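**Q** Got a structure for you, written out below as structure tokens; questions coming shortly.
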Amino acid sequence: MIETLKANLLSPIPLAFALGIVTRLMRSEFSLPKDVYSALSIYLLFALGLKGGVELAHASFDSIVAPAGVTLLLGCITPLSTYAVMRYVGRFGTSDAAGMAAHYGSVSAVTFIAAQQFMQRVGAPAEGFMPTLLTLLESPGIHIALAIGAIQRNKQLLALGGDKNAHGSVREVLHEVLTGRTMVLLVGGLVVGYFMGESGWNAVSPFFESGFKGALMLFLLEMGIVAGDRLGDLKKVGPFLLAFGIVMPLLHGAIGVILGAWAGLSPGGAAVLGTMAASASYIAAPPAVRLTLPEANPTYSLTAALAITFPFNILAGIPIYYSIAQAIAT
Amino acid sequence: MIETLKANLLSPIPLAFALGIVTRLMRSEFSLPKDVYSALSIYLLFALGLKGGVELAHASFDSIVAPAGVTLLLGCITPLSTYAVMRYVGRFGTSDAAGMAAHYGSVSAVTFIAAQQFMQRVGAPAEGFMPTLLTLLESPGIHIALAIGAIQRNKQLLALGGDKNAHGSVREVLHEVLTGRTMVLLVGGLVVGYFMGESGWNAVSPFFESGFKGALMLFLLEMGIVAGDRLGDLKKVGPFLLAFGIVMPLLHGAIGVILGAWAGLSPGGAAVLGTMAASASYIAAPPAVRLTLPEANPTYSLTAALAITFPFNILAGIPIYYSIAQAIAT
Amino acid sequence: MIETLKANLLSPIPLAFALGIVTRLMRSEFSLPKDVYSALSIYLLFALGLKGGVELAHASFDSIVAPAGVTLLLGCITPLSTYAVMRYVGRFGTSDAAGMAAHYGSVSAVTFIAAQQFMQRVGAPAEGFMPTLLTLLESPGIHIALAIGAIQRNKQLLALGGDKNAHGSVREVLHEVLTGRTMVLLVGGLVVGYFMGESGWNAVSPFFESGFKGALMLFLLEMGIVAGDRLGDLKKVGPFLLAFGIVMPLLHGAIGVILGAWAGLSPGGAAVLGTMAASASYIAAPPAVRLTLPEANPTYSLTAALAITFPFNILAGIPIYYSIAQAIAT
Amino acid sequence: MLTHSFKLVTIIAEPVLEPRITTELRRLGATGFTVVEGRGQGSRALHAAEIPGINVRIETIVPPEVADRIVEYISKQYFADYEVIAYLSDVQVVRGEKYRRAP
Amino acid sequence: MLTHSFKLVTIIAEPVLEPRITTELRRLGATGFTVVEGRGQGSRALHAAEIPGINVRIETIVPPEVADRIVEYISKQYFADYEVIAYLSDVQVVRGEKYRRAP
Amino acid sequence: MLTHSFKLVTIIAEPVLEPRITTELRRLGATGFTVVEGRGQGSRALHAAEIPGINVRIETIVPPEVADRIVEYISKQYFADYEVIAYLSDVQVVRGEKYRRAP
Ligand SMILES: Nc1ncnc2c1ncn2[C@@H]1O[C@H](COP(=O)(O)O)[C@@H](O)[C@H]1O
Ligand SMILES: Nc1ncnc2c1ncn2[C@@H]1O[C@H](COP(=O)(O)O)[C@@H](O)[C@H]1O
Ligand SMILES: Nc1ncnc2c1ncn2[C@@H]1O[C@H](COP(=O)(O)O)[C@@H](O)[C@H]1O
Ligand code: NA
Ligand code: NA
Ligand code: NA
């Protein structure tokens, strides 16, 4: 495993990510312009969706059912376990616990992509339908977490005689998650890819496939910078969240790998599923939480998701989940 | 023809365009950042120009003369027919009729590109000098339409004793069209491509050629969103304009194909010329009309050009013009 | 040499640059959006760094020592000679002379890249470690020039009893240069490239290598526009600076080529080193000078660097330095 | 030229709030608004934007009584939990009726 | 610090009008202007920008009589056919001469 | 609603000065600021930005005495050598304490 860890650290994606962090540690003000960051993420997500759609056309329904089932199960387990750990181990308030659950119950698409690339590099590519699973895991966790938060808050507010409609309706916010950039490009890409098939893909793959790894590298440079921006907040969050940001993904990652293997995924596929479960959303979850649970302190969830869990997964988590998957397979 | 239509609908460009429209129908707020949209259009236009320039170097002067002639003829026919139909069939005012004439008398570069790609896919590639014809068709229609508008308005204003210089001089506005993005990149690209020749093109084609189809797909996703944004205006424009937005391109398309075939173009080339004639400008024409004919209601022309004619051409028009071209050829 | 000059003028990069200038001469308002310009420069610099890092891993320490030494020497000579010429030949004030020295003492990465591409095209590729030399030449010139400026100004201010800390501390400003975009991407890219090695490079080269020349072409189109924007200032700067902007690079270029050849570089490598010495910074130097020597008139330095020296090098300088290098080699 | 006195309400807020606030402005009686993107720092720096410190600057010209209603609404609704500031200033406009909603 | 009273004219307009308006500002006596990009909604939403709702916010500091001239010009020239609003407010500046054109 | 009178200081400056000015604002007593990007023209057009004419518009709400200090500082420090303008206007805010630094 040490070998795999080391090989991972010297591959383009973790190196670019580390460069981004170092850039910030050196107090450089460099960062990618906002629209370039958006352009890269649009490109990566749409490429992922298209490719996934083309491959979905080849997959038998049977081979997907079990993996899809465990993915949805993970979408229920991860927010609940996060909420429980935050609330009863960490002794955080309801809103902060629910806010964190929304982040860890959802998924980070970039971490997913990094995991896919890792599996390709080590010669254990994941199943072609993995992007479909990604879309299944994006929103249930956020739904569940916000529902917990809303229920708990309403309980308290009603006790205090407050106005239960003061904040953004959960419904409205979930519409935003489901029609947000990630879902439009992923689900849209899947559908388009499915219909255009191989011949369509061959026409556009010089754009969407050849450039993918390089664009991902540039994107991770920026992610390193964004994560580096949050490093200063590490002091603010205390030792519990520091540990939480590493232990939680290990736990979710292990569960994900086990369920994946059990559902018949290849070692690469199980490791990617584990990575998804282990990852925390920092795109879809934050605005959703901000609008529905404004009392939740975003410093907690963003620091944990972006400055601890994300780097941990990119630098060490992915090879670890893969080792677990290999261990199970043999 | 049904076959061709269906095959077209399942190819990357129409699918991406449809995804963009659906995105808006689902009330998603997703769209490409403005600068990414600009970047894609700059890339597409410059690539088109460069490639066209390289191929222009191989074309004999003789082979271009007749097609260029009919192209200019189309540049005169299309604004006049549009004006006449708007004014005397639709009973619109002078300004609205002239404004619409500027849009339908000019050309949509993206529709042109989509047509070129279609012809390639069906194995009937258009002549290499088509981008040259595109530049010939861009501005005459706008010139003519604005001139009609200016003459009519001045007649009225003089009758009322008004100030004839109140609005943007036609001259100043046409300078803007001729030095706008589309013309700079297309004409500039043609000249640069002509001079750099094959060896220069070989150096840069991995960038400008390999990525072209994928970038076009992403661009059409955004065009779908932009068109989708205007769908709400369909109710405002009434049944006449709805019909106009489909009948007018069919008419112009047929004339274009016939003239193209008559001028000796291949079926693919004639179909692309027909598509040009059928398409309506929504980049160069709108600001030009806004500045010179401010009384013209932009909702009419933009809805017709962008929300009716553009989707019609992408989804159905191009295969139809090609069928006409094939029918003529046999 | 006339042959080489002509061949250069008809290659993609100078043609695109010329198109940019012509665009402005025609009073077109077209330009690349700011973020697209940034994206292209980030891409080019990072690609340059990565490739350089991969090749650095192959270079023996011995082969680099002498070239690195002469590069640092050039970093000292060029600001001093610029200062001296400005101050004692041109009779400019201390601040204006020091400001100009910062520009001509540093280097233009795009000119460097254009030189590298030129050498590749004529079949005399420069050494793989050239990007390393580029990073060595970026900042010493700025350091030295600002130090001269600060010393001279403090002398004057002390004479007048003024406040010597009124303006940006040189230290603070140099931190900005060293952590600015160019250095982060170049040095960062070198380090990442070094560690990821061939296998990493193979994964990302379809993005960073295949697209390089095309992206460079688009970037030079914009550089032509930027330079064209400054052409109007040519009248403001007088005949001395016009001559300065051509004679200075010829002088520095010749010195650079001679020192490069002497340090054992191939003709291509010596010509690239000469180009670096000949080029003037218009990215890192201007803000550094603006903050530390605000009395210096930026119109002088920017016009010379951007509207005279940059076009001169792209269109004629590079082939000239190469001819010198060939002459020395034989 | 004859001008009428109105209030300009400027609201600086986290970007997530933009759709909500602009919808509310209409409901509270504004006839329009203008939004500009900016960045800023204040007493806290919490917000969960992809890029922290980015915010929107919303301005609306309204009659004084509407201005009061807007400021009151914004304070009640957002001051506690969000990074939001709001301020009023006096402006003169030409077409008074344009900024006043028919009751 | 000694300050002088001037008028700040703010014009919010469709982007196509920017070059025309800024040229006119100079002619009417402004010594400078600042433009910021924004988006907005008002009574109509007609304009023919690639992206509807995008507009520019132009501000210029001028002496009161110039402010009047500008507002009058803008109203006459643009209010009928374009999405444009203009408003005035009072500002204090340090260097009075900077905002006053030599006659 | 009860509102307090404060000064809004608006500074339009070359982009290179942004970090320096915002740091100084804090030191001079401002509790926050908002920055928006714009472009402009004034009496000179010197500045060494990659794209000339681009500048930043910094605004800060402060008590009158702090406003005076800021304007004085800006004039002394930057008016001679840089493209910078600064102006004051009156605004009303709800939470007065938010814009006043504990002494
Ligand atoms: N004194 C101030 N002057 C101008 N803008 C301010 C001021 N205080 C806060 N802001 C703006 O309001 C946003 C939220 O402020 P806060 O709630 O104090 O964090 C900041 O990001 C600034 O853009
Ligand atoms: N009451 C208002 N307050 C602030 N901005 C407004 C207001 N009304 C209109 N605007 C701005 O002026 C533009 C044109 O307005 P209109 O001509 O009413 O469509 C809008 O897009 C807004 O940016
Ligand atoms: N009269 C004015 N009204 C509004 N903004 C101005 C005015 N004069 C100058 N500016 C702004 O201040 C910047 C610097 O002005 P200057 O120092 O006169 O070149 C310009 O780029 C404009 O953005
Ligand atoms: Na998760
Ligand atoms: Na047409
Ligand atoms: Na140099």
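Every residue gets a Cβ built from N, Cα and C, even glycine.
Nobody curates TrEMBL annotations by hand; they come from automatic prediction.
Sharing the feature lines straight out of TrEMBL:
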type: TRANSMEM; residues: C:6-25; note: transmembrane segment
type: TRANSMEM; residues: C:64-85; note: transmembrane segment
type: TRANSMEM; residues: C:97-119; note: transmembrane segment
type: TRANSMEM; residues: C:131-152; note: transmembrane segment
type: TRANSMEM; residues: C:173-195; note: transmembrane segment
type: TRANSMEM; residues: C:207-228; note: transmembrane segment
type: TRANSMEM; residues: C:240-263; note: transmembrane segment
type: TRANSMEM; residues: C:301-324; note: transmembrane segment
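Structural setting of the listed features?
**A** Remote same-chain residues near the transmembrane segment (C:6-25) are listed as 114, 117-118, 121-122, 213, 216-218, 220-229, 231, 311, 314-316, 318-319 (criterion: CB distance under 8 Å, separation of at least six residues from the stretch ends).
Long-range contacts of the transmembrane segment (C:131-152) within its own chain (CB-CB distance under 8 A, at least 6 residues past either end) are made by residues 48-49, 51-53, 56, 64, 67-68, 71-72, 74-76, 78-80, 82-83, 94-95, 98-102, 104-107, 109, 112, 170, 173-174, 177-178, 182-183, 186-187, 189-190, 273, 276-277, 281, 284-285, 288-289, 292-293, 296.
Within the chain carrying the transmembrane segment (C:173-195), a Cβ under 8 angstroms from the stretch's Cβ atoms is held by residues 41-42, 45-57, 109, 131-132, 134-135, 138-139, 142-143, 146, 201, 283-284, 287-288, 291-292, all 6 or more beyond its ends.
Remote same-chain residues near the transmembrane segment (C:207-228) are listed as 12-14, 16-25, 30-32, 36-37, 40-41, 43-44, 46-47, 50-51, 110, 113-114, 117, 306-307, 310-311, 314 (criterion: CB distance under 8 Å, separation of at least six residues from the stretch ends).
For the transmembrane segment (C:240-263), the list of distant contacts is 66-67, 69-70, 73-74, 77-78, 81-82, 85-86, 89-90, 104, 234, 269-280, 300, 303-305, 307-309, 312-313, 317, 320-321, 324-325, 328-329: same-chain residues at least six beyond its ends, Cβ to Cβ under 8 Å.
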**Q** Do any residues of this chain, six or more beyond the ends of the transmembrane segment (C:64-85), have a C-beta under 8 angstroms from a C-beta of it, and if so which?
**A** 97-98, 100-105, 127, 129, 132-133, 136-137, 139-142, 144-145, 148, 244, 248, 251-252, 255-256, 259-260, 262-265, 269, 273, 276-277
